[in-house]
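Visitor: Pulled these from Swiss-Prot:
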- 519-529: compositional bias 'Polar residues' (COMPBIAS)
- 449-468: region 'Disordered' (REGION)
- 510-547: region 'Disordered' (REGION)
- 26-43: topological domain 'Extracellular' (TOPO_DOM)
- 65-78: topological domain 'Cytoplasmic' (TOPO_DOM)
- 123-136: topological domain 'Cytoplasmic' (TOPO_DOM)
- 158-164: topological domain 'Extracellular' (TOPO_DOM)
- 186-245: topological domain 'Cytoplasmic' (TOPO_DOM)
- 267-276: topological domain 'Extracellular' (TOPO_DOM)
- 298-308: topological domain 'Cytoplasmic' (TOPO_DOM)
- 330-339: topological domain 'Extracellular' (TOPO_DOM)
- 361-385: topological domain 'Cytoplasmic' (TOPO_DOM)
- 429-547: topological domain 'Cytoplasmic' (TOPO_DOM)
- 3-25: transmembrane segment (TRANSMEM)
- 44-64: transmembrane segment (TRANSMEM)
- 79-99: transmembrane segment (TRANSMEM)
- 102-122: transmembrane segment (TRANSMEM)
- 137-157: transmembrane segment (TRANSMEM)
- 165-185: transmembrane segment (TRANSMEM)
- 246-266: transmembrane segment (TRANSMEM)
- 277-297: transmembrane segment (TRANSMEM)
- 309-329: transmembrane segment (TRANSMEM)
- 340-360: transmembrane segment (TRANSMEM)
- 386-406: transmembrane segment (TRANSMEM)
- 408-428: transmembrane segment (TRANSMEM)
Amino acid sequence: MRASVMLCAALGGFLFGYDTGVINAALFQMKDHFGFSEHSWQYALIVAIAIAGAFVGAFISGFISAAFGRRPCIAVADALFVIGSVLMGAAPNVEVVLVSRVIVGLAIGISSATIPVYLAEVTSPKHRGATIVLNNLFLTGGQFVAAGFTAIMVVFTSKNIGWRVAIGIGALPAVVQAFCLLFFLPESPRWLLSKGHADRAKAVADKFEVDLCEFQEGDELPSVRIDYRPLMARDMRFRVVLSSGLQIIQQFSGINTIMYYSSVILYDAGFRDAIMPVVLSIPLAFMNALFTAVAIFTVDRFGRRRMLLISVFGCLVLLVVIAIIGFFIGTRISYSVGGGLFLALLAVFLALYAPGIGCIPWVIMGEIFPTHLRTSAASVATMANWGANVLVSQVFPILMGAIGVGGTFTIISGLMALGCIFVYFFAVETKGLTLEQIDNMFRKRAGLPPRFHEEGESGESGAGYREDGDLGRLATEDVCDLSSLGNRVVSFAKAEDAFTEVAMPDRHAVSNKFEERATSSSSDPQSLENQDEVRQAAIKAAPHEPK
């Protein structure tokens, strides 16, 4: 059950990848049909307008996801994917192409902001990184399938048919995912819990083999809603900077200039045949998908920070080499040799990019924010990604035509150098931590006391944490520990009643119970200092015996 749900959810990544990958080869044929060059503003606009749509989609996804849930948000994205793909495949002119690209862009933005959050909320800490990377694997796999299928259509069909079929076929995965929504994909248990649906949340969590006691954080607010103001709080600012900064670095690495414009890059680098640049985009997409698959096994083994550092510094070296070679192509380096060098260097670049800066930003985005702010924060970080993406994608082909390959990649190298500095000083390690531990880590960094207090050894599910100063939540934990109550999760509003049910029948027994809790936390100096206060609070909270 769990594997099928993960695969169905990750289909959104495939749609994201297919629709971003298909435009590379399709545009290379479409430009001849509609009569514009690969360095024209029309060429750049067709790419960039979808990214602008994705920026808007990422913004509105937060409102849909918070108000109606993750599943309806994914359903909206599927509907837009179908409409945009079919409309673009049948487009009679450039204007209709642009409209359909906006629709597809909205779908990409909604999907890219929602699915990493959904996957993070239904996965245990041990497998959370690999699960979110699975979405990236489907994304890069979609780019690979798009490159291969579009190349076949371009080579073996007429100029007005190949690109239309390749784009229109992108509606099929959206239909499949919409079908999966009806029969396989449940709502996020965290979202359900935040809306007060404790029983439904438990039912979903049982199917995923996830301990609902970890999800007590969701009870803090009566609902999850979009509000960007809390993101400016003292313990949230660094998280916003980190998640948004990593998304911007991902785009400034030049990855989507390669995925959108590899045909143009290889053509300018020496592959002057009209078909060869399109065909050679296939091995590049394959390298991206292959090394994203590697990340599934490395992200939870070697950690987020280490993978990021290796990735960004390796990419910087490759970009500098590409820029140097770009200056000498056509002069000291022949086009035949330069084209081969470019192909090899771009392949190595993707091998370094994919398991690090390619997927880790999405993992971190899904991990570092509390439940009630996760949709807002994911919206901001994803908008940062698409904002940087639209800038790079709009400017890149124009720069290629104005200052050539060497000058363009020199600028990208400079941006990547800034990214290396950012990662070195800002990236943190979240490998193996529960969402509560991650929250405490960022609060400590901000000079604030932890929100969750560890009362013993916490398992992978994060049980054993309570929110400091909250007797109601302490009672909720007791309910989670009692098998006789079905491991139920109670909401904050019912916490006092729950405490009464699990407490001992007299004041002295209640006092003894809390003494035992304090003793079990004796390793915490703060707990020792506050034992008397906790004890007295427990006595006051207990029901009095009738006289």
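First residue shown is number 1, and so on along the chain.
Glycine is treated like the rest: Cβ placed from N, Cα and C.
Buried or exposed, and what's around them? Tell me for each listed feature.
Guide: If you average pLDDT over the topological domain 'Extracellular' (26-43) in this model, you get 81.
Counting residues of the topological domain 'Cytoplasmic' (65-78) by DSSP class, helix then strand then coil, yields 13 helix, 0 strand, 1 coil.
Residues 6-7, 9-10, 12-13, 115-116, 208-211, 292, 295-297, 299-300, 304, 354, 358-359, 362-363, 366-367, 431-435, 460-462 of the same chain lie 6+ residues outside the topological domain 'Cytoplasmic' (123-136) yet bring a C-beta within less than 8 angstroms of a C-beta in it.
Broken down with DSSP, the topological domain 'Extracellular' (158-164) shows 3 helix, 0 strand, 4 coil.
DSSP assignment over the topological domain 'Extracellular' (267-276) gives 4 helix, 0 strand, 6 coil.
Within its own chain, the topological domain 'Cytoplasmic' (298-308) has Cβ neighbours under 8 Å at 126-130, 133, 246, 355-357, 359-360, 363-364, 423, 427-432, counting only residues six or more beyond its boundaries.
Among residues of the same chain six or more beyond the topological domain 'Cytoplasmic' (361-385), those with a C-beta under 8 A of the stretch's C-beta atoms are 55, 58-59, 61-62, 65-66, 109, 112-114, 116-117, 119-121, 128-129, 132-133, 135-136, 190-191, 193-194, 215, 217-218, 220-221, 224-228, 230-231, 236, 239-240, 242-251, 299, 304, 430, 435, 438-439, 442.
For the transmembrane segment (44-64), the list of distant contacts is 19, 23, 27, 30, 72-73, 76-77, 80, 94, 97-98, 101-114, 226, 260-261, 375-376, 378-379, 382-383, 385-387, 389-390, 393-398: same-chain residues at least six beyond its ends, Cβ to Cβ under 8 Å.
Outside the transmembrane segment (79-99), and at least 6 residues removed from its termini, the chain residues within Cβ reach (under 8 Å) are 15, 19, 30, 34, 36, 42, 45-46, 49, 57, 105-107, 110-111, 164-165, 167-171, 173-175, 178.
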Visitor: Hey, which of 102-122, 137-157, 246-266, 309-329, 340-360 has the most Cβ-Cβ pairs under 8 Å against the transmembrane segment (408-428)?
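Guide: Looking at each of 102-122, 137-157, 246-266, 309-329, 340-360 in turn, the most contacts to the transmembrane segment (408-428) are made by 309-329.
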Visitor: Which of 165-185, 246-266, 386-406 shares the most C-beta pairs under 8 angstroms with the transmembrane segment (340-360)?
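Guide: Between the stretches 165-185, 246-266, 386-406, 246-266 has the largest tally.
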Visitor: In terms of Cβ proximity under 8 Å, which residues at least six beyond the ends of the topological domain 'Extracellular' (26-43) contact it?
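Guide: Distant Cβ neighbours of the topological domain 'Extracellular' (26-43) are 93-94, 97, 150, 154, 159-160, 162-163, 166-167, 263-264, 267, 277-278, 397-398, 400-401.
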Visitor: What does DSSP give as the helix, strand and coil breakdown of the topological domain 'Cytoplasmic' (298-308)?
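Guide: In the topological domain 'Cytoplasmic' (298-308), the DSSP-based counts are 6 helix, 0 strand, 5 coil.
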Visitor: Examine the transmembrane segment (386-406) against the transmembrane segment (137-157) and state whether at least 3 Cβ pairs sit under 8 A, considering only residue pairs 6 or more apart.
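Guide: These two stretches do not touch.
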Visitor: Please give the sequence-distant neighbours of the transmembrane segment (309-329): residues at least 6 beyond its ends with Cβ less than 8 Å from one of its Cβ atoms.
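Guide: Here the qualifying positions are 249, 253-254, 269-270, 335, 338, 341-342, 345-346, 348-349, 352-353, 355-358, 360, 404-410, 412-413, 416-417, 419-420, 423-424, 427.
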